[in-house]
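Some features that Swiss-Prot has for this protein:
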type	residues	note
BINDING	137, 141, 147	Zn(2+) binding site
């Protein structure tokens, strides 16, 4: 789920194709945070900064300043309730802000560790694959992609996720 705070619309397929042909000299500033509930084995199971960057970079179509925050159920529920009026924790929330004048994307990705772990187990996926998917998903949201506006937008976002994850060596998360 994305919460847009004046964020620009996402680049469309034609623009992405053009960008793919151009040399990419993107800057990526990544900050990683852990909520108070994320300790011990839960924190150890979270992907480390280098891996997070490796998974997000292929999903970036412009320079970005992103914060990835790993939280527990209480903080996840509080954020989801406060911003989406849904009183339960969700796997990932993306807060997208107005880009900088040079087009740099700014956003916060919040991942609720217990929810991510439970979903990975229920879906029979490696935890790393599920985290990679949600980080790519959140990074696309931060750039304006949205799967809730139309079926066409959802299909476009899903296709991008599948292609990016395949480049990273992960299977299609929707199968």
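Yeah, the Cβs are placed from backbone N, Cα and C, and that goes for glycine too.
Feature map: Swiss-Prot annotations on the structure.
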| residue | record | Cβ neighbours (10 Å) |
| --- | --- | --- |
| 137 | Zn(2+) binding site | 26 |
| 141 | Zn(2+) binding site | 26 |
| 147 | Zn(2+) binding site | 18 |
*Under a three-state reduction of DSSP output, how is residue 147 (Zn(2+) binding site) classified: helix, strand, or coil?*
coil
